[in-house]
Amino acid sequence: MNHILKRGTGPGNGDWAVEASGLVKAFGDNRAVDGVNLNVQTGTIYGVLGPNGAGKTTTIRMLATLLRPDAGSARIFGHDVVKESQVVRQLIGVTGQYASVDESLSATENLIIFSRLLGLGRAEARRKAADLLEEFGLTEAAKRPLKNFSGGMRRRLDLAASLIAQPPLIFLDEPTTGLDPRTRTQMWDTIRRLVKTGSTVLLTTQYLDEADQLADRIAVIDRGRVVAEGTVDELKASVGTSSLQLRVQNQQAIKEARQIVEQVLKVRSNVSAEAGKITAPMADADLVTDLLVALRAAGIHLAEMSVQKPTLDEVFLTITGHGVKENESMKSQKSNVVEEVRV
Amino acid sequence: MSSTSLKRETSQQLKNYAGFSQTVRNSLTMAYRGLLKIRRTPEQLFDVTLQPILFTLMFTYIFGGAISGNVHNYLPVIIPGILVQTVITTSIVTGVQLREDMDKGVFDRFKSLPIARIAPLAGALLADTIRYAIATVLTFVMGYIMGYRPDGGLGNVAIAGILVIACSWAISWIFAFFGVIARTASSVQGISMLVLFPLTFLSNAFVPVKTMPHWLQWFVNINPISHLVSAVRELANHGTVGGDLAISLIGAGFIVAVFAPLTVRAYMRRT
């Protein structure tokens, strides 16, 4: 499948936060990561999207020096993850899929220990811990043992721990998996704020919505390979054209309007009579101007006009050819959509 | 989020290795973590408090009459023996706990931090010396209560105690190695017991070597545990320092030199 899109004219070599080429990691017979190429521009949010077991976590673990690649190479801000691993570790923060904090200690103790390990003095570490706890709304729970923390609090503490050294690159492995919608939105806000302060974020997710919301660019990964890469819009465009939806003011004019649409856009259109809505694929956005002029000339008044882009769900289905297996609800949603269209 | 805490430090210089002072600092921080954990879960200390009391009582009264004629004469033999046996058995727990600890997510973070690679291991092992210290003190106290009055004096007894703690720390690297390579905590316990039982019992810790068959004496006499027990006896009972002390220290150093790098390498490999 050749969905890999041409990357826009990228910046110079120094502006890449992550450059990975041909990364391979096999566990026994299973090639968990099978030749992944990734390039992440400094100061952006990059989303790695894929179902469970696609190789997202393994990829991140290799980039974060936690796992040695079997083949291929990766550089973080120009530093090789294998040869200069200790340098790379000074440039990154990692928030794992499962909170990588110490269960038996309190939130404050966790942050103080990580701060001390990063070379902060005793008083400095204490202050840093207090600052971060306040930023992440955990001050009240600071002294409580982590066993009593909710999933969202744990994730926030985990992220806070990744930010102690203010690393220019932050890896987030499924930062919102298992969080309720409200906490998820909070997490998204936090991630967006991070990027505003100049950090680069590489996050993995299995939620199409999340990638859509956050990421500047997305790599779709499936069975250890990048099957598509580009901006959210590029990916959506790669699947199919957007559709143009028109609603006419006067129901009687709908037939005439449809003829004009088909003539001008040179496509077949659909009409849903009760809604008075015409839907047509929009291959060339320029032609819409002509269409509007033609409609005006024919004296047809529009009540509403909109352009519907394809969703990432559709992108995923088209690219991988098998949809998101793990997410049954999404699948059933999709079949609902198909039925609606048939009706 | 306040912007100050996210400001980038551009002056930070990047090194691809951890220096010696950083290694020591990181290890001490990790040891501090270990102590906090012990404070949070004091039930971890059950074994080091109960075992010295129980074993000292049991072994002394069971073997005392048979080996030395009476309990009182047996005390100078058994207390150093039981001390070494108890404290070294305690060091197995180090490996078991390390295994349990490593299965938790927090070790992923330790690995991703720019710290000395050995620090998470060295720190955990260092924190456990507090356990050895508790076991050592309790064993001597039990001995004292039962009538053991070492001629070496308090100072030499303290030195003997420190010697045992230091050697146990060295030996705990062996169990840390098992902890890193084993799949589960219980298998660490299993392998370690298998190693430790012959080592502690095939020694001069409980009975005079003369009473054993010749082929066994050969092993008992080269067993490092025997030398450690002899060194403790010399120090505590006579206040003298002999070749056994030197052999014990050399042996301990050798174990650390071999097993510390092995353990760190296995730890780095493990995903």
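A Cβ is built for glycine as well, from the same backbone N, Cα and C atoms used for every other residue.
According to TrEMBL, the features are:
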type	residues	note
DOMAIN	B:43-270	domain 'ABC transmembrane type-2'
TRANSMEM	B:45-68	transmembrane segment
TRANSMEM	B:74-98	transmembrane segment
TRANSMEM	B:118-145	transmembrane segment
TRANSMEM	B:157-178	transmembrane segment
TRANSMEM	B:190-209	transmembrane segment
TRANSMEM	B:245-268	transmembrane segment
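Here the transmembrane segment (B:245-268) does not touch the transmembrane segment (B:74-98). Their Cβ atoms form fewer than 3 pairs under 8 Å, with each pair 6 or more residues apart.
For the transmembrane segment (B:190-209), same-chain residues at least 6 beyond its ends with a Cβ under 8 Å from one of its own Cβ atoms are 59, 63, 67, 77-78, 80-82, 84-85, 88-89, 92, 95-96, 174-175, 178, 182, 216-217, 219-221, 223-226, 229-230. Only residues 6 or more beyond the boundaries of the transmembrane segment (B:157-178), in the same chain, are considered here, and those with a CB under 8 A from a CB of the stretch are 80, 83-84, 87-88, 90-92, 94-96, 98, 121, 124-126, 128-129, 132-133, 136-137, 140, 150, 188, 191-192, 195, 228, 231-232, 235-236, 245, 248-249, 251-253, 255-256, 259-260, 262-263, 266.
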